[in-house]
Structures are given as structure tokens and as C-alpha cells.
């Protein structure tokens, strides 16, 4: 009886998530700004190119911000709101404190230019969605269609992140649960995690894998790691307590290129985070990792499908949102 109730609850959660996607599909369009702001995509593209060339980690940072924004309450730029005396905003939740400033700066720059070109027309959430797509393509990843017409959120609270984002210390079962709660399959989980093919992680996110692993001594490391890789990370993170900003690349082979090397690395014991390597260890995800490691086209195709789905998740339209004049403040506050 309990198992039947659990199955019903799971189906209900998935049905609600699918309903969110279906309603968004009906209201988002590719040519949403064709008449109201025809140079919108060109302006965003120019901002993306300038920022990525000057700061090569912008692509990875923006992709991460996009995921964190969408997975909590839908793709609504709620992560961009600044906290004040009355409200601790989403951006200041513990899990979001390490989100890179380059992503926020890029969207702010594009928004400022767009406000001069067509004031009050283009939402911050649409800018983020398009900038993410353009950046992925710029570093070698697949190009995909982004439907437009999102409105920016009317709320943003740090507490809303609780239980909605995967953590580096979670089991694969827990992570699968986080994705399924939002209507995403195991295959989509693996495809989206392939975004770790670019970017970096701070030592504190994986220090338990490379130092005193399971209380085995200061130099003990996770046996699933390639030994030379583990020792290299130990050297790189030797002073992480004194400098918590120390970080290493997620993909040591091609850290600035969006490709399938991330999955090949997992087969070699070169996964950086425990949750990365767990994708290769878990029987539910291992076959997908092996597929993507051997077939980049399959990875790109599934990544595109998952990103298009993610970009439509929980979007606000009509009176459920607004087009902010500033991305870091609601209109009633920024006036």
C-alpha cells in the first residue's frame, strides 16, 4: 500500500512539472521581440563575445547561474535579485554564494544596452537564456533554439533553494530525486551534468575525496580516483584553508572546450566531484556515461533536448511576472 502511494505521489509530481512545461510552450515564441526590439539578439551576442574573450570562464559561470536560476523556481532571473534589510534573496543562499560574478556582470551589461535601445521590453530571464545558449556555442558546444517571452519573477528568497538544487555530498539516489521532482529523467540528468565539461570547482567541494578519505590519514584519497590525478589535486589544494578561492578545472583535458571529454574522464577515474564519479559508478547512470563517452553527437543531441526543456521550465508569463528595469531589483523597488 505504501509503495502504491509512493508511486502515485511520484507520478503526481512529474505531472505537475510537465504541466509547467506545457503551459510555457504555448506562450513562448522564437520571434517574441521581432517587432518590439529587433536588434535584441545582436546586442546580447556582442555582449557575450566581449565578455567571454576578456574572461574565458564566463561561459561556464553563466551556464551554472542559468541552471541554479531555473531549477529553483523556474527560469525567471530570481537569482539576480539583491538582498535588502527586509529580505534575504536567492542569490545569498549558501549554495549560491559561489556563483561567479562574471555571469551577473554579463547580463547586467546586456540589459543596460537593451534599456537604451528598447526600454522596458526585454526581460532579464530572456537575456540569461540567450546568453547561455550563445556562450555554449562559442566554446564549441551545440547551438539550440531558445523560445522567448519569459517574465522576471516578483519574488526571490534564499529559503526557496532548499531541496531544489543537487549537492556535492548527496547520493545518486538523492540527486535523481531532485531532478525527477522537476520532471527531468535520469538521462536528462546525465546530459545536463555534462555541462561540467567546462568550468572549475573550489577545493572545498571535493576536499573530502583527496584528504583523509574515510579517516585513512592525511594523504588518503578516494580509491575510485586515478592516483596521479588525486596527488595532483592534493598539491593544488594544499593551502585551501588559507585561500578558499583555490579551484581546479572540472575537466583537466579540455577545460575551456565544450565536448564529451568529461565523460571519458569519468571512465579513467578523473572525475573531480564525488557526484561526477558517481555517475560512472551507479548502474542507473553508467550506461549513459559510456554512451556519451563514445559518441559526442549523442551527448550533444541529448544536451540540446535537455537544455531546451530546462529553458522552458516554470517560466512566468503575463501578470505572473514583470520586465525588470534593473535585473537586481524589482520594479517597485528600483523606481
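A Cβ is built for glycine as well, from the same backbone N, Cα and C atoms used for every other residue.
Residues or ranges marked as substrate binding site in TrEMBL: 166. The feature heme b binding site is assigned by TrEMBL to 196. Here TrEMBL flags 197, 251, 254, 259 as Ca(2+) 2 binding site. The disulfide bond annotation in TrEMBL covers 37-118, 70-75, 124-327, 203-237. Annotation comment: TrEMBL describes 27-331 as domain 'Plant heme peroxidase family profile'. Marked as signal peptide by TrEMBL: 1-26. Taken from TrEMBL, the feature site 'Transition state stabilizer' covers 64.
Everything TrEMBL records as a feature, shown here on the structure.
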{"residue": "37", "record": "disulfide bond", "contacts (Cβ under 8 Å, 6+ apart)": "114, 117, 118, 121, 122"}
{"residue": "75", "record": "disulfide bond", "contacts (Cβ under 8 Å, 6+ apart)": "66, 69, 125, 128, 129, 150, 310, 311, 312, 313, 314, 315"}
{"residue": "197", "record": "Ca(2+) 2 binding site", "contacts (Cβ under 8 Å, 6+ apart)": "250, 251, 254, 257, 258, 259, 260, 261, 262"}
{"residue": "203", "record": "disulfide bond", "contacts (Cβ under 8 Å, 6+ apart)": "233, 236, 237, 240, 244, 246, 247, 248"}
{"residue": "327", "record": "disulfide bond", "contacts (Cβ under 8 Å, 6+ apart)": "77, 80, 104, 107, 108, 111, 124, 127, 152"}
Message: Suppose we draw a 10 Å sphere around the Cβ of residue 118 (disulfide bond). How many other Cβ atoms does it contain, all chains included?
response: 16
Message: Can you tell me which of the recorded positions 64, 70, 166 is spatially closest to residue 196 (heme b binding site)? Compare CA atoms only.
response: 64
Task: Have a look at the disulfide-bonded residues (70, 124, 237) and report the one with the fewest Cβ neighbours inside 10 Å.
output: 237
Query: How many Å lie between the Cα of residue 166 (substrate binding site) and the Cα of residue 64 (site 'Transition state stabilizer')?
result: 12
Message: Highest Cβ count within 10 Å among the binding-site residues 251, 259: which residue is it?
response: 251
- request: Using a 10 angstroms cut-off on Cβ to Cβ distances, just flag whichever of 64, 196 is the loneliest among these recorded positions.
  value: 64
Message: Name them in sequence order: residues not among 197, 251, 254, 259 whose Cβ is within 8 Å of the mean position of the Cβ atoms defining the Ca(2+) 2 site.
response: 198, 253, 255, 257, 258, 260, 261, 262
Query: How big is the gap, in Å, between the Cα of residue 64 (site 'Transition state stabilizer') and that of residue 70 (disulfide bond), rounded to a whole number?
result: 10
- request: For the domain 'Plant heme peroxidase family profile' (27-331), would you mind checking the mean pLDDT of the predicted model?
  value: 96
